[in-house]
Structures are given as structure tokens and as C-alpha cells.
Amino acid sequence: MPSNKSVSDAPIVQFTNCRILRSHQLQREDLWVREGKILNPEKLFFDEKGSADIQLDCKDSIIAPGFIDVQINGGFGVDFSLATDDFKSGIDLVSQKILSHGVTSFCPTLVTSPPSVLPQISIRNGGTHGAGILGAHLEGPFISKEKKGAHPEHCLRTFEAGAFQDLLATYGSLDCVRIVTLAPEMKRSSEVIRELTKQGICVSLGHSVANLSQAEEAVQHGATFITHLFNAMLPFHHRDPGIVGLLTSDKIPAGRRVFYGMISDGIHTNPAALRIAHRAHPTGLVLVTDAIAGMGLAPGRHTLGQQVVEIDGLNTYIAGTKTLSGSVATMDTCVRHFQEATGCSVETALEAASLHPAQLLGIEHKKGTLNYDSDADFLMLNDGLYVQATYIAGEEVWRQDALGM
């Protein structure tokens, strides 16, 4: 067999006996990986005259792109919104633990809180140390008091004379920021949305009492996402559907797609509402966990930013109230619930946690697909969509049997 060394000395790994999610379908073919990227086997065979150095039998597993969680507040006792001396070890712990749930990259999400945490978040690639960090999701403080949810009211802000300068003064640097959630009905929000969009930051609408025309105006200025649809916004009304109406609006600029986050945990959104949203706008649905520090922990009292929350089963409330505050569901649980609740295909369920968030962030050329030359971040799953193994850059970073399960 001719040598593989004509292009690279790196070993070529061939994953066999698997069904690959590619071009919206599960296809029975092999997956080829080298140097952390997915190879085109035709180029390998015909241009390089190459072959596999290592073959791995996947035993009829599904191979799907790694999940991307664009809204996660913490987990396993760690709260990203709390400034602590060991913040880095906390974020390291979460990024390592979520590998078992199929998450290969994520946006650490900060709820309204003092701004001292932000400088401690840095963008980094994933690996054996944990899932990659794509940048921070800043949820607040420029949100509505009426729909503040678990956000402390005394920390909320409005845009004053400086508008974008007010935002900079609040956040400090935007270097590691990927998403900003704000309420579009706020005065001067349009200029802030335009400026954030110009800087490549995704603007999401949420924690808001905006009507549909205010939401449409925000999209025309560059907003592309809705934070946890149905939660912390005006309920759908037939005469003014509010932010929810963006799913079927005819005022979206040509070539633009509005994405929307869904907490598919069976608690935050009734399965019927999940079905309505999915059927209205299937290509915009992005599964998010909105997980808080209590994810992975026993029921009881935990924190979310400045608030104390109580976990009771899958319910999480601000202590002493019935106000929902984040989730304790894991991403793989959300994928399975979404598929079960909507009756959608396996491919659709998997893409809602991989392709769609990658498209939202504009990184679909690298992540969220198994296309040739994209990052080899992928999962092996069984037919029940339970994660069996997680790979980042072609390297196994978690495997179920390794834990003796």
C-alpha cells in the first residue's frame, strides 16, 4: 500500500460500521479523520494514494456532530455568574463534566450580576481537558424589569445618553463575548444592536415585553436570536404575538434567519408549545439547557448569580417562590425529550443541538456538521440517542464504558 506520508505524518483514523449524520441524513459510510479534521476519502485515495493507519469498529453507532450549548449558566456546583477565587477551576470542571452529555463546545452564560466575572472567561479549543469555550453569553442587565425572571432587579440597567458606551461601561471589554441578550423595547436599543452586530456579536432578544413590531425592528437592525422562546416574554396573543411572532414574521430581511432557543426539559415549555414552535419554524430551533449550578447535583438549595434557588426534581425555583430559574437538564436529555415530544426525526433532533447553534454563531464551516475539512468534534450514540463516546478534534475525550457503565 502506498505511504500516507505525502501530505502529513499524522495518523489517519477510519471509523467503520457506523451511520453518519451528513447532509441532514444518517448515511451508512465510514468517517475518516486526520489532525483533528474530517477527511474526504476520495481525495485521500486518489490524490494521496493514502489509507487508514487505524481502524475503529463503531458497532453500528450513530455518529453525529458534537452538541453546542449557547446558554449554560453553570453546573455541578459551579455558577459562572459568581466571581470566585477559583473561577477558572470551576469553568474547567463544567467543561470537563459536560463531555459525558455530548457537549463539545459552549458559551458560558452570565446572568445579570456584577461585571467582575467577565475578564476571567477566555475563548479556547476543546480537548481532553473539556469542551471548547466559544465566548460568553451575557444575559442582561439590559432587560425588562417586568420579565426579569431570576435576574436581581437592583442590577438591571437601561441605555442612557451613551447607549453603546453604557454597555461598554457595564461589561468592560467585549473581546470574549459571543452573544448578548437584551430587551429590544428599551430606548436606544437599535443603535446598540447595530454596533454589537458590527462587532460580530450575536444579539438575542429576551427577558422582554416587546411587541412584534419592536421585535421586527430589532431583527432589521441585526438581532438573530431569541433567548429561551416563550419564557420571560409576553405570551402569544393573536392580535399582537410579541417576540413569538418572529417565527412566522414576513418582515425578516431577505437571506436572514431568526433562530430561537428552546429549553426542552419538559418543565419550561409544554410539549404542545414545543411542537407549535418546531412546526412553525423548524430550521431556527436551537436546543439550549439554560443549566444552572444545580445541574448534576442533588435536590436542595443552590445559587444562580445573586439569587438562591431550590431544586425539586427537574423544577428549579427562586427560593420561596414559584418563579422558574434555569434548568438542571443536560443537553442529551433535551435532545431526547425534543425528539419524543415532537415526533421529529433523529436527524432533526441532533441538528437542533449541533448544526443550528453553529449556524447561529456563523461557525458552521468548522463545527456543527461532519462535512469534509470541518473540526472532528463528534459523538457516538445508540439508537436511543444516549451518548456512548465523545470526540474532540478526532480524539476520544469521554467514553461510557471507561466509567464501567
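Including glycine, each Cβ sits where the backbone N, Cα and C put it.
Note: TrEMBL annotation is automatic and uncurated.
Values in this document were obtained by computation on a predicted structure and should not be read as measured data.
Feature annotation from TrEMBL assigns active site, proton donor/acceptor to Asp290.
Taken from TrEMBL, the feature Zn(2+) binding site applies to Glu139, His207, His228. Its Cβ placed at the centre, His228 (Zn(2+) binding site) has 25 other Cβ atoms within 10 Å.
Marked as substrate binding site by TrEMBL: Ala150, Asn231, Ala232, Arg239, His268, Leu324, Ser325, Gly326. Annotation for Ser325 (substrate binding site): spatial neighbours Gly149, Ala150, Ile292, Leu304, Gln307, Val309, Thr316, Tyr317, Ile318, criterion Cβ-Cβ under 8 Å with sequence separation of six or more.
Per TrEMBL, the feature domain 'Amidohydrolase-related' maps to 62-397.
The binding-site residues His207, Asn231, Ala232 differ in how many other CB atoms lie within 10 Å of their CB, and the one with the most is His207. Its own atom aside, the Cβ of Gly326 (substrate binding site) has 34 Cβ atoms within 10 angstroms in the protein chains shown. Residues Ala150, Asn231, Ala232, Arg239, His268, Leu324, Ser325, Gly326 are listed as the substrate binders, and the farthest two of them sit 30 Å apart at their Cα atoms.
Listed in sequence order, the recorded positions from Glu139, His207, Asp290 having a Cα within 10 Å of the Cα of Ala232 (substrate binding site) are His207. Listed binding-site residues: Arg239, His268. The one with the lowest count of other Cβ atoms within 10 Å of its Cβ is Arg239.
Here the binding-site residues are Ala150, Leu324, and the one whose Cβ sees the fewest other Cβ atoms within 10 Å is Leu324.
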